[in-house]
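One structure below.
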Amino acid sequence: MSPTLDKIRLAPKVLLHDHLDGGLRAETIVELAREIDYGRLPSTDPDNLRLWFEEAADSGSLERYLETFDHTVAVMQTREALVRVAAECARDLADDGVVYAEVRFAPEQHTTMGLSLDEVVEAVLEGFRLGSQGRGIRVGTLLTAMRHMARSMEIAELAVRYRDVGVVGFDIAGAEAGYPPTRHLDAFEFLQRENAHFTIHAGEAFGLPSIWQAIQWCGADRLGHGVRIIDDITLAGDGSAKLGRLAAYVRDKRIPLEMCPTSNLQTGAAASIAEHPIGLLRRLHFRVTVNTDNRLMSSTSVSQEFAKLVDAFGYDWDDLQWFTVNAMKSAFLPFDERLALINGVIKPGFAQIKWQP
Ligand SMILES: O=c1[nH]cnc2c1ncn2[C@@H]1O[C@H](CO)[C@@H](O)[C@H]1O
Ligand SMILES: [Zn+2]
């Protein structure tokens, strides 16, 4: 039986690529805006606002997609707002059946009303703690530095400082074209010396050079998106694939790809789900994982991303479990904890749902 959305929701899922400021509830944005007198929301009706985000993000360009974050970031400037948004994020993910999530955000964007970077991080950690209590979910935090800014070293230091209390890694995000990862080489080298983990948004709005730099110059553990790795794969008429050196390296080293299908359609990185590189990359056994990126802007959830892939590629429960185990193996958690979740939660959970009438 082909997995249905309702049953997919019950399966224990893992999410590695989700932005805190891309997943707010529309009702919450309206309430928070009212509290701080933020008057620039495109609508104060939650339903209209939700639609506005989805339509405005569906722009065909990453740069225009990112403009929608002005509004979510604007209402996430106080401790109370950050705690609330993070707590609701954990609850919404738990309601979708996510058992382990890594949620990222850029602390430097949340200091306009006077919070320090430390206060921002502490508020978000507190929110995740409150929201995940008793919900069967564990949430790790990734700290993001904005690639067009110059604060990556500071944010990397922040990530290391909070590594034992919930921050599990580091990332860079924002417009990709014109801002290569090597701009932040000092931050990545610092993290490597500290034995810390990081992922890099690469190969989303820019091609192979971005992926190559992220891996071979910066030492990224994982790639955010990485869809353009298909530019290094040639398909022959008989369906066989020839991998270039970079694609072969990514596959051989099992470098995880944090793929976000719906987000890619909106930013123009892929034309349709059916044509999304995830189909080929999964067939070639790259370490593919399935993610939401921004649940608000893409009006999605992990379950809905899975359901779309089931529709487009005919995936069965074994495929969905494979994506999930890939994600858990690639998490920035200690090995024994990853193993415990795979063997104690994911495999038994999928087995139960698969055989349920
Ligand atoms: O798909 C994406 N590609 C690049 N940057 C992104 C994407 N989604 C969100 N952000 C950026 O990351 C910041 C911190 O969470 C967001 O404010 C947004 O500017
Ligand atoms: Zn992203």
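Glycine too: its Cβ is placed from the backbone N, Cα and C atoms.
Here TrEMBL flags 12-347 as domain 'Adenosine deaminase'. On the 0 to 100 pLDDT scale, the domain 'Adenosine deaminase' (12-347) averages 98 in this prediction.
What TrEMBL records for HIS17, HIS19, HIS201, ASP293 is Zn(2+) binding site. Less than 8 angstroms from the CB of HIS201 (Zn(2+) binding site) sit ARG147, ASP171, ILE172, ALA173, GLY174, GLU176, GLY224, HIS225, each of them six or more residues away in the same chain.
Under the heading substrate binding site, TrEMBL lists HIS19, ASP21, GLY174. For HIS19 (Zn(2+) binding site), applying a Cβ distance below 8 Å and a minimum sequence separation of six or more within one chain yields VAL103, ARG104, PHE105, THR144, ALA173, ASP293, ASN294.
As annotated by TrEMBL, active site, proton donor applies to GLU204. Sequence-distant contacts (6 or more apart, same chain, Cβ under 8 Å) of GLU204 (active site, proton donor) comprise LEU62, GLU176, GLY224, HIS225, GLY226, VAL227, ARG228, ASN264, THR267, ALA269.
Taken from TrEMBL, the feature site 'Important for catalytic activity' covers HIS225. Taking all protein chains in view, 29 other C-beta atoms sit within 10 angstroms of the C-beta of HIS225 (site 'Important for catalytic activity'). The DSSP secondary structure for HIS225 (site 'Important for catalytic activity') is strand.
With a CB cut-off of under 6 A applied against ligand 2, the recorded positions ASP21, GLY174, GLU204, HIS225, ASP293 are reduced to ASP293. Using a 10 Å Cβ-Cβ cutoff, ASP21 (substrate binding site) registers 26 neighbours.
A Cβ distance below 6 Å to any atom of ligand 1 is met, among the binding-site residues HIS17, HIS19, ASP21, GLY174, HIS201, by HIS19, ASP21, GLY174, HIS201. Excluding the listed site residues HIS19, ASP21, GLY174, the same chain places LEU20, GLY22, LEU66, PHE69, VAL73, ARG104, PHE105, ALA106, GLN109, THR144, ALA173, ASN294 with Cβ atoms within 8 Å of the centre of the substrate site Cβ atoms.
Sequence-distant neighbours of HIS17 (Zn(2+) binding site) (same chain, 6+ residues apart, CB-CB distance under 8 A): GLU102, ARG104, THR199, GLY224, HIS225, GLU258, CYS260, THR289, ASN291, THR292, ASP293.
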